Amino acid sequence: MKRVLTALAAALPFAAHAADAISGAVERQPTNWQAIIMFLIFVVFTLGITYWASKRVRSRSDYYTAGGNITGFQNGLAIAGDYMSAASFLGISALVFTSGYDGLIYSLGFLVGWPIILFLIAERLRNLGRYTFADVASYRLKQGPIRILSACGSLVVVALYLIAQMVGAGKLIELLFGLNYHIAVVLVGVLMMMYVLFGGMLATTWVQIIKAVLLLFGASFMAFMVMKHVGFSFNNLFTEAMAVHPKGTAIMSPGGLVQDPISALSLGLGLMFGTAGLPHILMRFFTVSDAREARKSVFYATGFMGYFYILTFIIGFGAIMLVGTNPAYKDAAGALIGGNNMAAVHLANAVGGNLFLGFISAVAFATILAVVAGLTLAGASAVSHDLYANVFRKGATEREELKVSKITVLVLGVIAIILGVLFENQNIAFMVGLAFAIAASCNFPIILLSMYWSKLTTRGAMLGGWLGLLTAVVLMILGPTIWVQILGHEKAIFPYEYPALFSISVAFLGIWFFSATDNSAEGNREREQFRAQFIRSQTGFGVEQGRAH
């Protein structure tokens, strides 16, 4: 039975809408025993790490942040492992395979947000926060309302992203391994819960590090073999690709993915600012000892990811030459077996045989586990730390907070499995787009302005943040993806696919207006406290003990 491959949408924001090249019908593949054996080795090894980590998780700090003992280099690898996905690996390679140069431009969208994190967020975030970004947002503002807003923003992003990951995981594993979709979803959910439940951030970090190393190694080997084929000449690579590609020289020209400039700008803003508002990414900056290590983390992560996306560009052009011209990888109709998303997987077979194909397939599964583990921990910390310990039950003991966190992990895992099964045949591409839009429109403005704008008040942050979140949701529903493609209406009320340009503007304007017009005594007190916060954010004085939030 043919199915639509939605795996790409699981971790490649907006990509399912960007081009026909990255969607299409695929058939379930035969059982890939090499991949299954290699994946089982990975699972056994990472479960061993989880057992090791569980013996070292003795406190709330150990569980949420690995005790702050992760080095900048290790955290950079872990961030890269959390952010680089199997779907971006397969999806961007597929974009290059079908559209050429546009694939490289698209991959840059994933990197442009990181300089913002490096120069504007990482250092101050680490100096002001302890476990979640809500610690920073509520540093001088009212704890209750701000934590509720931050937790809601985090949970909505985590839920949307997690559902998309689970559905994408099931489709991808069915495609690569030949396993039943439901078995794949349950397997991912159970392993995800085990990593986070027993090993916390320490186990999650090492799963992400191992996954990043494996993915970088696999992609490097593929790129090396492609370049070896063309005599390590980029000129030969592009010339040969243009000679055999149906579009010819057009694959070296940009502009084929997003024609409308408004949509292009909105897409770019969503990718850029959404990255800086993802709770599972921001949480990683609390795992290092100080602001210096936080900056190092972003520096290393950006380097690893930049290198990775360059490799996907080479892999995509290699697939044009070695896969697109080989009838063994095509069906009777002349289409790529498994769809265009299988271009990189077929290339793995072309350059390394069945054994390397099994390795790449296992790495693809490992990447999914690394991402969902990070998402689950971020969601659990939002519930246990932000809501339970600081809003609903102030003064809760560490033991009580950790108990709530672990219960939340189980609940999130079960819900993710159930929704993953229920959404099997649904279009979930919009979920990731909406997750990034909310991260960019709610989380990012509050984090940025709470650290940099002295006139921010609780009233402005609350009203502007909720306006940004709701605007992103409403415009996404009224846009072409949901209103037309899913709900079946003839014409979209909101004409653009990507709401970020408008929802981010609403959020910033709302925060500015309602803060500027806030003349309350509480608002004035919050403005006066900015100086103390600024000194702490710059110097890190007192960060070792942490502020009682």
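Residue positions begin at 1 at the first shown residue.
Using the three backbone atoms N, Cα and C, a Cβ is placed for every residue, glycine included.
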Per Swiss-Prot, the range holding transmembrane segment, considering 236-256, 404-424: 404-424
Tertiary contacts of the transmembrane segment (77-97), as residues 6+ beyond its ends and Cβ separation under 8 Å: 7-12, 15, 18-19, 21-22, 70, 103-104, 106-107, 110, 168, 172, 205-213, 215-216, 219, 257, 275, 280-281, 284, 287, 297-298, 300-301, 304-305, 308-309, 312-313, 315-317, 319-320, 323-324, 340-345, 347, 363-365, 367-368, 370-371, 374
Winner by Cβ pairs under 8 Å against the transmembrane segment (183-203), considering only 262-282, 303-323, 355-375: 355-375
Contact ranking winner - 33-53, 103-123, 206-226, 303-323, 355-375 against the transmembrane segment (262-282), Cβ under 8 Å: 103-123
Which of 206-226, 303-323, 355-375, 493-513 contacts the transmembrane segment (33-53) most, counting Cβ pairs under 8 Å: 355-375
